[in-house]
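A.B. asks: Not my notes, these are from Swiss-Prot:
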CARBOHYD  N35  N-linked glycosylation site
SIGNAL    1-18  signal peptide
TOPO_DOM  19-93  topological domain 'Lumenal'
TOPO_DOM  115-132  topological domain 'Cytoplasmic'
TOPO_DOM  154-163  topological domain 'Lumenal'
TOPO_DOM  181-189  topological domain 'Cytoplasmic'
TOPO_DOM  211-219  topological domain 'Lumenal'
TOPO_DOM  241-251  topological domain 'Cytoplasmic'
TOPO_DOM  294-317  topological domain 'Cytoplasmic'
TRANSMEM  94-114  transmembrane segment
TRANSMEM  133-153  transmembrane segment
TRANSMEM  164-180  transmembrane segment
TRANSMEM  190-210  transmembrane segment
TRANSMEM  220-240  transmembrane segment
TRANSMEM  252-272  transmembrane segment
TRANSMEM  274-293  transmembrane segment
Amino acid sequence: MAPFLVLFLAGVVSASRGDREPVYRDCVTVCDQNNCTGFRLRDFRAQQPLYMRLTGWTCLDDCRYKCMWYTVSLYLKEGHEVPQFHGKWPFSRFLFFQEPASALASFLNGVASLLMLFRYRSSVPSSCQMYRTCLAFSMVSVNAWFWSTIFHTRDTALTEKMDYFCASSVILHSIYLCCMRTFGLQYPSIANAFGAFLVLLFACHISYLTLGRFDYSYNMAANTSFGIVNLMWWLAWCMWRRFHQPYLWKCVLVVVLLQSLALLELLDFPPVMWILDAHALWHFSTIPLHFLFYSFLRDDSLYLLKVNHDDDIPKLD
């Protein structure tokens, strides 16, 4: 979900201390030459588990994984801090899961979002003005968590981009959701025009990051800007309507908690037991917020139905 999160996307560097280490580079080169050519490559493929082949793990990937741990062991033996590799901490692979804890947390976030989607559909009549917009937001959110799960399962150039792009789509769609709720019901033409602008903005954002080298700094700055707009808009509306709609505390609490929990990312410590890091903790901590946010969406939709129903009742003089 994370519709208000400013720090939803953190830029990563393309190179880190670990993968710049000559020991690591030499290890990968030797491993590649000795194991990833000719009959040895055939032996590797014959011994490689099916689930590893299906998820795209290559001989070179296996060399990098083994050399990463070889380098880490040397660092620890000599009393140095654990280094990062390619912008990430070293994680202990489980089956084909590259980052098991983050993958599990992303999956659970997706399940929570999907369950709340079903609950919203079962408790809110389709005649509600915000019904389709809320369902669309829910599906965008589920899709984002799906790609987050895939990315943490197997980090490739494609899965990384899909994770970033889908996360951006959640923030932008949350802005549209807020626009619909604050202006769109009274002025549909404004909401339609703004929605078209957001689609164009999203297309330009993706094009810039896809056509050239992926600009992590721009990506972080752009999504931070999207997040600030989203955050301030929702908070302003909640503060303005707080005396008329008492359930808005749920929306405010989600906003505040998401921003507070994002601070976990700043801890950035080596994974505990080589599995659980700050990023995974952040993802785990957002799971309960789905229930609170969708409770707000349900209450707000039912409130709109009640207001419209009361307006339709003829007044007796």
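Keep in mind that glycine also has a Cβ here, set from the backbone N, Cα and C atoms.
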A.B. asks: Counting a contact as 3 or more Cβ pairs under 8 Å, with residues at least 6 apart in sequence, do the transmembrane segment (94-114) and the transmembrane segment (274-293) touch?
C.D. replies: yes
A.B. asks: What does DSSP give as the helix, strand and coil breakdown of the topological domain 'Lumenal' (19-93)?
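C.D. replies: Summed over the topological domain 'Lumenal' (19-93), the classes give 50 helix, 2 strand, 23 coil.
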A.B. asks: Restricting to CB pairs under 8 Å, which listed stretch, 164-180, 190-210, 220-240, 252-272, is in contact most with the transmembrane segment (133-153)?
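C.D. replies: Most Cβ pairs under 8 Å with the transmembrane segment (133-153) come from 164-180.
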A.B. asks: Cβ under 8 Å, sequence separation of at least 6 from the ends of the topological domain 'Cytoplasmic' (181-189): give me the contacting residues as numbers and ranges.
C.D. replies: 129-130, 133, 233, 237, 300, 304
A.B. asks: I'd like the per-state residue tally for the topological domain 'Cytoplasmic' (241-251) from DSSP, helix first, then strand, then coil.
C.D. replies: 7 helix, 0 strand, 4 coil
A.B. asks: So what's near the topological domain 'Cytoplasmic' (241-251) in sequence-distant terms, Cβ-Cβ under 8 Å and 6+ beyond its ends?
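C.D. replies: Same-chain residues near the topological domain 'Cytoplasmic' (241-251) but 6 or more away: 234, 292-293, 295-296, 299-300, 303.
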A.B. asks: Write out the long-range same-chain contacts of N35 (N-linked glycosylation site), meaning residues 6 or more apart in sequence whose Cβ is under 8 Å from its Cβ.
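C.D. replies: Sequence-distant Cβ neighbours: L41, F44, C59, D62, C63.
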A.B. asks: Short question: which residues 6 or more past the ends of the topological domain 'Lumenal' (154-163) have a Cβ under 8 Å from it?
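C.D. replies: Long-range Cβ neighbours of the topological domain 'Lumenal' (154-163): 55-57, 88, 96, 98-99, 147-148, 209-210, 214.
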